[in-house]
C-alpha cells in the first residue's frame, strides 16, 4: 500500500548506486573535459529528487507535484521528478538533505521566499550562496483582511484609527514569519504600530480573526478567496491588482512601500553544473507555460510566469536586503 | 444529505472506504506509523482520482488509523497512534490480568460510540458549533490546557513527587526548538536538528515502544501462560450499555468539543476525557490498574475528536490538526475550497465527507469486531519476533515523519530515557502529558499576554477562561480541602477518645 513515490525512491536508490558506479568508471577512464559535457547531455539518467521543506498539501508542495506531473506526462525530461517532503527546522532539514544529495543536479529543491526569512532571521544554518537558482515558476501575493463587521472600510481608515489610538488593534502573526514581516513593512511605511497575537498557521489566523480575538490578519489571496464570506480585504501586497479582486488596491497604489510577491523558487545546491541547471530550467519553463498549469494558477490566484535563474537570484538578493532591514529592528 | 449517502454507497466508494479503513486500522495499530503519515503518503495517489473517491478513501484511513491504535496500546502498552496514549494506562493492565479481549471489545465499542456521537454533532449542528468554537481565543486555550494539566497532575499512581518530577522532565524536553512566540532558536545548542525540537512521534515511540522493547529484551525469558483459545462468548453484553453508557456519552461529547478546537487533537481529547472520568469517579484509585472506564473514556474521546475536527474543516476551511491540513490539501488539488461556500458550490463533497465519516465508523466496527479474537492472539506471538518487527516499523515511522534520520536517533535516545524513568519507578504518563501539553499552554499564555500588552488581568473579561481556571484551581485544592476537613474530623474524634 506504500505509494509510488516510495517505490520509485527505492528503485531510484538502486539506480543511483548503479549510476554512481557507471559514472565512477567513466570518470576514471576518460579524465577529459569532454566527458563532463557528455554527462550533461545524457542528464537525467535517473529520477531527480525534489525536496519540499514542508509537509504535503500546502502551496509549495502542490505546485511542485503539479509541475512534476506535467513534465513527466509530456516527457520534457527523460526521468521523473520525485517529490520528497522534509519539514522542520525552518528549512534546516530540507537543506541538509539537499546538501547530502550532492551537486550533480539529481537533488533539487522547491521553496519560496520563506527561504529569505530563514536567512534573515539567522535560522536554518544556510546562506543564499549555498544555493544555485534555477528559476521562479510563478508566485502569489498576500492581502490584509479584517472582519466584515469592522468599522474600517479602507486601509486609510484603519491607519487613521491606529494613528489616533496607537496599538489599539491586534494583528494575528507568527513573529519572524511572512505575515509578520509583510505587516511590519506596511506599518513601518505608514508609521503605525499594532499589538500582536501569536498565530502559527493560516488556520490560526483565520480562527482568531473570525472569533474576534484579532482585528487584522494576512492571508494568501487563494486562502482569502476560499473564505468568501465574513472577511473584508483592505489591501493587496502584489505589484499589480489581482484579477479576481479588481477593486482591491495595492499597497503601492496607496503610497506605502510594502510589497511581497512570493515566488515558487526552484533551487539546486551551489556548484551544480550550469548545463544541468539549464536543462531542468528548460523543462520547468515549458511546464509553467502549459495551459493546464496556467489555468490552475489563475483559479488559485497565483500568477503563472517564468523568471530565469540569474534574474531570480538578483531579485531575491534585493528582497533579502529589504527583509534584513525589517528583521534587524526585531533583534 | 440523503443523496450524499447514495453517492457513498456506490460500489467504488464503498470499496475505497473499506480499503481505507482496513489499511488505516493496520497502520494505526503499528507503533510508529500513524494515520497522518498514511494520509500524507496516500495523498499523491488521490491526485488522479475523482474528488469524492479521494475524500472517502482518506476519511476511511483517518477513522481506521485512529481506531487501530487501541490494539497495540492494550496488548503491548505501545500506543499505535498518539491518540491512544491514555488507552495504555488501563488497557495494558487489563490485558496483563487476562482481560485482553474484554479491553479490546470495550475499546472498539467506545470508539464506535465516539464516532457515532460526534457524527451526530457533525451532521446536525456543524455551523452553530463551529461559530461557538471560534470565540475561543488564547486565554481559553491556555486555561483549558492548564485545567487538563492540573487534573492529570495526580494521575501518577503512587508517589506524587515522582509524578510531578516526571511531568517536569517532560516539560523540559518540550523546550528546545524555535520559540513559537519569538521565532528565535531556543536551547538548540547550535544544532540545526534541534531547531524543530523533539518531535512528538519520535519521543512517543521512544518512550513507549523502544523502552518496552529494551526492557523485555533484558528480562529473563519467562514462561507465558498457556495460549488460551479465544472465548466463544462475546466479551461485551448489553448490560455494559448501562455501566459504561454515561461515560461513553460524556467522553464523546468532550472529545467532539476538543476536536472542534483547531490546533489540539485526539491525544489531548483522550487526556481530558480520561482525567474528567477519573475525577468524577468514586473509585479514583482504580484508574491505572486496569479499570474499564479508563479504556472507554480514552477511546470514545479520541474517535469523537475526528468528528469534532471535521466540523471547522468543512464549515470554515479551518483544519483542526496536521491530518486535516492534508485533507484540505487533497480538496484544493481538486479545485475544491473547503469553507462556507463548499456546501453551496459542491454539496456532494460537503455532505459526502459527512456521509463517508458515518459509513467509515460502521466499517471500522465490522472489521474490528469481526477480527477482535484474532487480534487478541497477537499477544501470543513469540515476543522476539514480534518486537523485532515492531522495532523495524518504529525506525521506518520515525524516519518517515520528516524523511530525516536524526528523528530515529531522537527516538532511540528517548527509548533510553523511558527505560531510565521506568527503572527509577518514575511514571511515564505524566512525562508524556507534560511533554504534550506544556508547549500548548506556553504558546497560548504568551499569545494571551502579547494580545493584552502584558496585562494578566485581561483574563477577567473572558468568562469561559475564568470557568476553566476555576475548575483547574478546584481540582488542585480539592484533595487538600478534603484531606484537611478529614484530618480535623479525625482530630476531634481522637480528642474525644
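Using the three backbone atoms N, Cα and C, a Cβ is placed for every residue, glycine included.
Automatic prediction, not curation, is the source of TrEMBL annotations.
Feature annotations, courtesy of TrEMBL:
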- B:14-433: domain 'DUF112' (DOMAIN)
- B:15-43: transmembrane segment (TRANSMEM)
- B:55-76: transmembrane segment (TRANSMEM)
- B:103-123: transmembrane segment (TRANSMEM)
- B:144-173: transmembrane segment (TRANSMEM)
- B:193-214: transmembrane segment (TRANSMEM)
- B:254-274: transmembrane segment (TRANSMEM)
- B:349-372: transmembrane segment (TRANSMEM)
- B:384-402: transmembrane segment (TRANSMEM)
- B:408-438: transmembrane segment (TRANSMEM)
- B:459-481: transmembrane segment (TRANSMEM)
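Contact count against the transmembrane segment (B:15-43) (Cβ pairs under 8 Å) is highest for B:55-76, out of B:55-76, B:103-123, B:193-214, B:408-438. Proximity of the transmembrane segment (B:193-214) to the transmembrane segment (B:349-372) is not established, fewer than 3 Cβ-Cβ distances being under 8 Å for residue pairs spaced 6 or more apart. Counting same-chain residues at least six beyond the ends of the transmembrane segment (B:55-76), those with a Cβ under 8 angstroms from any Cβ of the stretch are 8, 13, 16-31, 34-36, 38-39, 42-43, 46, 49, 83-85, 87-88, 91-92, 94-95, 100, 103-104, 107-108, 111, 115, 212, 266, 295, 299, 302-303, 305-306, 323, 326-327, 330-331, 349, 352-353, 356-357, 360-361, 363-364, 367-368, 375-376, 378-379, 386, 390. Across the domain 'DUF112' (B:14-433), the model assigns an average pLDDT of 84.
Here the listed stretches are B:254-274, B:349-372, B:408-438, and the one with the most C-beta pairs under 8 angstroms to the transmembrane segment (B:103-123) is B:349-372.
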